[in-house]
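Annotation source TrEMBL lists Ca(2+) binding site at Trp18, Glu20, Asn22, Glu31. As annotated by TrEMBL, Zn(2+) binding site applies to His79, His205, His209. The transmembrane segment feature in TrEMBL is assigned to 32-51, 63-82, 94-112, 119-136, 142-159, 171-191, 206-226.
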Amino acid sequence: MTNTAPSFWGPVTSTTEWCESNYTHSSYIAEFYNTLSNTPSILLAFIGLITAFSQRFEKRFSVLHLSNMILSIGSMLFHATLQNVQQQSDETPMVWEMLLYIYILFSPDWHYRSTMPTFLFLYGVAFALVHSQLRFGIGFKIHYVILCLLCIPRMYKYYIHTTDASAKRLAKFYVLTLFAGSICWLCDRLFCKEISHWYFNPQGHALWHIFMGFNSYLANTFLMFCRAQQLGWSPKVVHFMGLLPYVKIQKPKSQ
């Protein structure tokens, strides 16, 4: 929410603002809580990257975790500055990340191995170029939701073909965090006028960041389990310090 506090970054040029007063804690950070709330996402993606790299998962999963980190850093830049250029550093990686999820979900059954990554790469480049010149507004949100909806049937297919109870639990928590985060996002957008008069702002968009950080980690972990199962790597879900789940594999000696 715009206010008259002095700012390092100048007037707001982004097409979107959220239900948090600008520059209330620092003249360098426009939306303080929306900026810092990306930190858990970065840490979780880093943990996922270490897991994927140390166990020699396919490179696609290392790239996936890196894309989560890049998205969260871009989101921090956007919410810290509320500038149009930094908004693109948040929104463009969102689309790239969804294209990567589409590749991971659909590539195992794709008969022409080079066509899908080539098309998705060109689509991502074309979107970035167009998005750098045009402001989409609601069009971006519709486009992003369509990409998400393309993934849901495939995720459900993976779920029903998974018999491991721990892996199914990952998928259930994935749905739970998605639902909780979406409620926070919608409340922040739809009821901002009412919330702005409350004594305490629950920071719905910041909560969305936290929930989606766990959501992405759970989705990645579930997909790593499913892929390891497809490759015959005997995956199992274990927990770091009894809390944070990750996939541990046992590759055949021939591999």
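For all residues, glycine too, the Cβ spot is worked out from N, Cα and C.
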Return yes if the transmembrane segment (63-82) and the transmembrane segment (119-136) have at least 3 CB pairs under 8 Å (sequence gap of 6 or more), otherwise no.
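No, the transmembrane segment (63-82) does not contact the transmembrane segment (119-136).
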Far apart in sequence but close in space: which same-chain residues, 6 or more away, have a Cβ under 8 Å from His79 (Zn(2+) binding site)?
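For His79 (Zn(2+) binding site), the qualifying residues are Trp18, Ile29, Ala30, Glu31, Asn34, Thr35, Asn38, Asp90.
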Pick out which of the binding-site residues Glu20, Glu31 has the most other Cβ atoms within 10 Å of its own Cβ.
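The residue with the most neighbouring Cβ atoms within 10 Å is Glu31.
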Among all protein chains shown, how many Cβ atoms are found within 10 Å of the Cβ of Asn22 (Ca(2+) binding site), not counting that one?
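Result for Asn22 (Ca(2+) binding site): 20 other Cβ atoms within 10 Å.
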Reported as an integer number of Å, what is the Cα distance between His209 (Zn(2+) binding site) and Glu20 (Ca(2+) binding site)?
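One finds 14 Å between the Cα atoms of these residues.
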Cβ under 8 Å, sequence separation of at least 6 from the ends of the transmembrane segment (94-112): give me the contacting residues as numbers and ranges.
60-61, 63-64, 67-68, 71, 120, 123-124, 127-128, 131, 143-144, 147-148, 150-151, 154-155, 158, 219, 223, 227, 230
Which sequence positions outside the transmembrane segment (119-136), separated from its termini by at least 6 residues, show Cβ-Cβ distances below 8 Å to it?
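Same-chain contacts beyond the ends: 15, 84, 88, 91-92, 95-96, 99-100, 102-103, 143.
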